[in-house]
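Enquirer: Take a look at the following structure, please.
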C-alpha cells in the first residue's frame with residue numbers, strides 16, 4: 001500500500017468553512033494534501049464504509065491511486081469509474097452508467113458517491129448521488145479552481161440535454177467538500193485563470209473589500225502562496241452565505257449568476273467549444289458586459305466598469321466579445337440564446353445588474369430591446 | 001369545446017386533506033368529478049399556465065379528453081404524452097422520453113407536470129417533475145385506489161433498474177392531488193381490492209378504530225357509497241400525518257412499509273407478473289405474515305393475526321403464499337429477495353413488526369435465521 005508522505009500532515013494554512021444548512025450542514029476543507037487524507041476526513045464524518053468514486057481520464061492518472069489508498073487505509077471499500085473528460089460527459093447516457101455502477105457497488109444511504117474532478121464530474125456524480133435510493137451521501141473532491149470555489153459548493157447538480165445546459169438535475173448538498181489546493185498546481189494557466197473569474201465574482205457581487213484585496217494580491221494567489229488558500233476560503237464562505245439564505249434559488253441565490261446570462265449566451269454561440277471559450281472566460285466577458293450595461297442604464301458609474309475590465313484584463317482574462325476567436329453569430333442570435341437561458345421567468349428577461357463594485361442585484365424585467373441595442377453598440381454595428 | 005356536466009358541480013361529499021409541509025404544503029381533494037374541474041383547481045393554486053400531462057394507454061381513452069378540456073377552459077396550455085401501461089414503463093428510457101417532452105413544452109418552474117393514472121404514471125411523472133430544471137410543479141390525478149391512498153401522497157417518486165424496484169428517484173412533493181373517486185368506478189374488482197390492502201394498512205399501523213370501522217363498513221365502501229370517500233380521506237390523512245413527521249424516511253415513515261418487506265419479496269419471486277400477483281395482493285399476504293411473525297416472536301397475540309387474516313380474506317384478498325398461482329421459489333430465495341430489498345441498513349434486516357392491531361413499529365435488527373425458520377414453517381417444510 002502506498003501512502004504519500006503528505007497524507008499524515010495537516011497544513012497549518014488549512015481552512016475550514018462550515019455551511020450551516022440544518023440537517024444538510026457540511027464542511028468544506030481547503031488546503032494542500034487533502035486527497036491523501038480523504039479516508040480519515042470521511043470516516044470521521046460519515047457512517048457508511050463503502051464508496052463509489054467517479055472521475056475522468058485527465059484526473060484519474062494524477063490522483064485516483066492516492067485517493068483509493070487513503071480510503072483503503074481507513075477501511076472504506078471503494079470502487080471507481082473513469083469517464084471521458086469534457087462537457088459532453090454531462091449526459092443522460094453517462095448518468096445511467098454512473099447510477100448503474102453505484103447500484104452495483106451496493107452503495108446504501110449512508111455510503112458515499114465521491115466526485116474526483118472538476119465541475120463536470122461534480123455535477124454528474126452529484127446528480128447520481130441525489131437519485132440513487134432517493135439520495136445517498138456525496139463527497140466532492142474538486143480538482144479545478146472553478147470547482148473548488150463554485151460548482152462543488154451549494155448542491156446544484158445536473159446534466160445537459162438537447163434543449164440546453166443543466167436542464168435536468170436536483171439540489172443535493174454534499175456531505176463534505178475536500179478542496180485540495182495542491183491539485184491546482186497541475187492546472188494549466190488558462191484553466192486557473194478561468195476559475196479566477198468566479199473568485200473575482202464574489203467580490204463584485206457584495207464584497208468590495210475582497211475585490212480590492214484581489215486587485216492587490218492576485219499575483220501571489222496565482223503563484224500558489226498562502227493568498228491562494230485565503231482567496232478560496234473567502235469565495236467558499238461567500239457562496240455558502242448566499243446558499244444558506246436561499247438554498248433553492250427562489251431569490252438572492254440568483255446573484256451568483258452575475259456575468260452568467262451574457263456568459264452562457266457566448267458559450268452557446270461558440271457551441272461550447274472550449275478551444276474558443278471556456279466557462280470562466282465567458283463569465284469574465286459577461287461580468288464586464290453586466291457592468292457596462294448597468295452603466296448604460298445609469299445604475300452604476302462608468303468608472304466601475306472600467307475598473308472591473310482593467311483587473312480582469314490584468315490577470316489575462318478576456319473582457320470583450322471580439323477577443324473570442326472565430327466568427328460570432330449576429331447579435332439577434334445572441335439575444336435568442338439569452339432568452340432561452342433557464343433564468344427566464346414568465347417570458348421576461350432576468351439579469352443580474354449592479355449599482356457599483358460589490359452592489360449586484362437581481363432585475364427581472366429588463367426589456368430585450370435595451371439588451372439588443374447595448375450589445376449592438378458594443379460590437380460596433 | 002366539450003365540458004362534461006359534472007365539471008361545474010362540487011359534490012357535497014368532497015373532502016380536503018391539507019398536508020402541512022411548510023413551503024411544500026399541498027392539498028388533496030377527494031370526491032367525484034374532480035377531473036372535469038381540474039383546470040379551476042389548478043389555476044386557483046398554481047401560478048404557471050402551461051402543463052405537460054403524462055398518462056397511459058388504459059387511462060387516456062377514459063379521462064384525457066375531459067382533463068384537456070377542463071385545462072383549456074381555464075386557460076392552461078397543455079400537451080400530453082401517452083405511455084404503455086404497466087410496471088415496465090417505470091424505466092430510465094421512459095424517463096428520458098418524459099423529460100424531453102416536458103422540456104420541449106417549455107415547462108418552467110411554476111408550470112406543472114400532471115400525472116393522470118395509477119402509481120406507475122405518478123412515480124415516473126413525479127420523478128420527471130423533480131429533475132426538470134431541478135424541480136417544476138407537480139399535480140397528481142390518481143385514477144386507481146392504490147394511487148389515491150398511497151403513491152400520490154408523500155412525494156416518493158422513482159423508476160426501476162436491473163438492480164431492483166424504485167432504486168432511482170427523488171423526494172418531490174406534489175403541489176396538488178386530485179383524487180377523483182368517480183374514476184374508481186372503472187377499476188376491476190381485483191384492482192380495487194388490491195388498493196384496499198393499502199387502506200386497511202393504515203388501520204393496522206396505528207389506527208385500531210379505523211380498522212374496526214373498515215371491518216364493519218367495507219361493503220358499502222366497495223359499492224361506492226359515501227364510506228368510500230370517507231375511507232380514502234382517512235387513509236390520506238393518515239399518510240399525511242406520517243409524512244409530515246418524517247418526510248424523507250429517516251424513521252417513522254418506514255411504518256408505511258408494513259407488509260411490504262414480505263410483499264416485495266413475493267412480487268420479486270413472481271417476476272412482477274401481475275397475472276400472478278399485484279402489489280396490493282403482495283401487501284395483503286405480507287401484512288398477514290408480519291402479524292404472524294410478530295406473534296411467533298411473542299410480540300403480538302395470535303388472535304390479532306387471525307383477525308387481520310379473516311378481514312382481508314373476507315374482502316377477497318389473498319392472505320397466504322400458497323394462494324399465489326404457479327411455482328414459488330425455495331424459501332432461501334425469498335430471503336435473498338428480502339435482504340436485497342432497499343430497506344436494508346448496514347446489512348441487518350429491517351422489518352415492520354407489531355404489538356397488536358394499530359401498534360406497528362420499526363425493528364431494524366431482525367436475525368435472518370428467525371425469518372427463514374418462520375417462512376419455512378408457514379410453507380409446511
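From the backbone N, Cα and C atoms, a Cβ is placed for every residue, glycine too.
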Enquirer: Which of these, B:165, B:201, does TrEMBL list as part of the NAD(+) site with B:119, B:120, B:121, B:122, B:123, B:143, B:144, B:156?
Expert: B:165
Enquirer: Given that TrEMBL assigns B:260, B:279 to the Zn(2+) site, pick the one from B:189, B:198, B:327, B:332 that the record assigns to that site as well.
Expert: B:198
Enquirer: Given the binding-site residues B:123, B:198, which one has the fewest other C-beta atoms within 10 angstroms of its C-beta?
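Expert: Counting other Cβ atoms within 10 Å of each of the binding-site residues B:123, B:198, the minimum falls on B:123.
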Enquirer: Drop a 10 Å sphere on every Cβ of the binding-site residues B:165, B:260, B:279 and tell me which sphere holds the fewest other Cβ atoms.
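Expert: Comparing Cβ neighbour counts within 10 Å for the binding-site residues B:165, B:260, B:279 gives B:165.
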Enquirer: Determine, using Cα-Cα distances only, which of these binding-site residues is closest to residue B:123 (NAD(+) binding site): B:198, B:260, B:279.
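Expert: For residue B:123 (NAD(+) binding site), the spatially nearest of the binding-site residues is B:279.
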Enquirer: The record names B:119, B:120, B:121, B:122, B:123, B:143, B:144, B:156, B:165 as the residues that bind NAD(+); what is their largest Cα to Cα distance in Å?
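Expert: Largest Cα to Cα distance for the NAD(+)-binding set is 22 Å.
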Enquirer: Count the residues of the domain '3-dehydroquinate synthase N-terminal' (B:81-193) that DSSP assigns to helix (H, G, I), to strand (E, B) and to coil, and report the three numbers in that order.
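Expert: Within the domain '3-dehydroquinate synthase N-terminal' (B:81-193) the tally stands at 47 helix, 31 strand, 35 coil.
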Enquirer: Report the DSSP secondary-structure composition of the domain '3-dehydroquinate synthase C-terminal' (B:195-344) as helix, strand and coil residue counts.
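Expert: Helix, strand, coil within the domain '3-dehydroquinate synthase C-terminal' (B:195-344): 108 helix, 0 strand, 42 coil.
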Enquirer: Which residues, in sequence order, are found in the same chain with Cβ within 8 Å of the centroid defined by the Cβ atoms of B:198, B:260, B:279 at the Zn(2+) site, excluding those residues themselves?
Expert: B:146, B:150, B:197, B:201, B:259, B:263, B:280, B:282, B:283, B:286
Enquirer: Please name which of the binding-site residues listed here, B:119, B:121, B:144, B:165, is nearest in space to residue B:260 (Zn(2+) binding site), Cα against Cα.
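Expert: It is B:165, whose Cα lies nearest.
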Enquirer: Taking the domain '3-dehydroquinate synthase N-terminal' (B:81-193) alone, what is its mean pLDDT?
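Expert: Its mean pLDDT is 96.
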Enquirer: Rank the binding-site residues B:119, B:121, B:144 by how many other Cβ atoms lie within 10 Å of each Cβ and give me the one with the fewest.
Expert: B:119
